[in-house]
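Listed in TrEMBL for this protein:
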DOMAIN    19-151  domain 'Creatinase N-terminal'
DOMAIN    331-540  domain 'Peptidase M24'
DOMAIN    551-614  domain 'Peptidase M24 C-terminal'
Amino acid sequence: MVPKCEEHLPVTAVNTTARLSALRQQIEAWNLSAYIIPDTDAHKSEYIGKHDERRAWITGFKGTAGTAVVTMRKAAVWTDSRYWTQAEREMDCNWDLHKEVGITLIVSWLLAEIPAGGRVGFDPFLISLDSWNSYDMNLQGSNIQLVSITTNLVDLVWGSERPLVPSEPIYALETAFTGSTWQEKVSNIRSQMQKHSKAPTAVLLTALDETAWLFNLRSSDIPYNPFFYSYTLLMDCSIRLFVNRSRFSPETLQYLNSGCTEPMCVQLEDYSQVRDSVQAYVSGDVRVWIGTQYTMYGLYEVIPEEKLVADTYSPVMITKAVKNSKEQALLKASHVRDAVAVIRYLVWLEKNVPKGTVDEFSGAEFMDQLRGKEDFFSGPSFQTISASGLNAALAHYSPTKELNRKLSSDEMYLVDSGGQYWDGTTDITRTVHWGTPSAFQKEAYTRVLMGNIDLSKLIFPAATSGRVLEAFARKALWDVGLNYGHGTGHGIGNFLCVHEWPVGFQTINIAMAKGMFTSIEPGYYHDGEFGIRIEDVALVVGAKTKYPGSYLTFEVVSFVPYDRNLIDVSLLSPEQLQHLNQYYQVIREKVGPELHRRQLLEEFEWLQRHTEPLSARAPHTASWASVLVASTLAILSWSS
């Protein structure tokens, strides 16, 4: 019998009655009162594979953020405002939608729904340490027990319908695209182990990009990221790589173990054996170094506390964040080719948008196609954000074939896109207007640009935290009562993550150091009308100062000009205008020859027009407020 409420559900809703009934049988069989279903995988990956989309399958809700909890009587999902409409369209009446997020709220609901003495089950490989600690703390004194079950109950119900784990080959990067050999990287990490005050005997690597980076190996298990399911236990005298061995060709096996001596021989163990292997290892006189941000509870719980060396990030995460000279050159080269693709797209838009033949989705597809023509391209680094008019006011909007808007000369258009190349990962955002923007749109755009410039040209003490610098990107907006609600930037990898931790401008990011790459992406979003974001990738470099000292600044490596039609030059200070014109000269020098070499003459002429030096229209003086903000932030940086 169809539940009465299902008569009124949208056709996009998924019937989950049978799935929930089967899951509740498992909940009862395991003597549980409730079961938590997170939205992540065993490696806390930003993007997850189809076979890890457990929450999406059990609920029908395909949004990327949200937690589900099922009891014997009720089922509920918690998600944020980005996904409320989607969740209402995709979930049937078996589910209650909670328009809020947070473990405290989930626990409050659990306390109201299950009796004292109840047992709340979870898969420990899908719960981070922070999440487990939060559940545990909020349940203190409630007489409700958290129960770790390594058998995933949703997987039992999903059964043969569950997509297969990827089995594409795992391959080694060519030497031309690596900054160091894997043996050099292993020796570096072992050296850090020896110097550590707590003398760890092993490092446990759990994030997928850690193992990929360490061994210079890549594959395609995760959307937009060239990774493969794996763990590494790097010990002082041996190496264990937990992975599906059948995915290695004889050549790749030889790459790992040809002519090795014991400390540098890589022992391949089955991916599923990592917990048992770690548990056996810690029975000895050992100490295991972990990064708590990416270690899930399933491994943490088998390591005795006295044998744990815990830092926020593993030594591999910290080391990977600083690119050596070869890695820097590779990333810069990838951004030159990427600029060619973006410039070709902008030229194409200028010609075709007035014809009314381009929509957000077809534009995004063509952007991906143009990148696909560039050397060493492997795929997009994330789903392209192609947003026209009011859709651009949604900071992370992406169109679909069914739901999109036509691009119009009368509206602003925002495109945020990136590519994965063998030599680097890219991410760039440009906002354009082909018609006559309003005075407010021009002011908002220019102030976003001012924030981008102010942060890009900032000189700051070495080891300053990004959170201290972040306000410089917002000041021009703050001056007139505007702001944006997302972060100002993130790290970026060498054919790795497009959002690479732990670099960036948030509280939990590490201090800035020479060799790091970060995005700089201020924005402004006017609800229901338009959105603006200007994003560049920049390298942290040493700064030249009048007096001796250890100071840093940024070198922008994105090479696409901004929209002249949206710049109100009268708002720019002389220093900002000079910086902008110098940047345009760099673009000409870096990208112009590449366009010319490839006989892209139309694009070359477009580049020349759009990088003509801008001239001041009105005098501009620095305000006392500007001086005050800079002084205050300088004091903060000294104390950080």
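Any Cβ shown, glycine's included, is placed from N, Cα and C.
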Helix, strand and coil totals (DSSP H, G, I; E, B; other) for the domain 'Peptidase M24 C-terminal' (551-614): 40 helix, 6 strand, 18 coil
Average pLDDT across the domain 'Peptidase M24 C-terminal' (551-614), rounded to a whole number: 98
Tally of residues which DSSP labels helix, strand or coil - the domain 'Creatinase N-terminal' (19-151): 54 helix, 26 strand, 53 coil
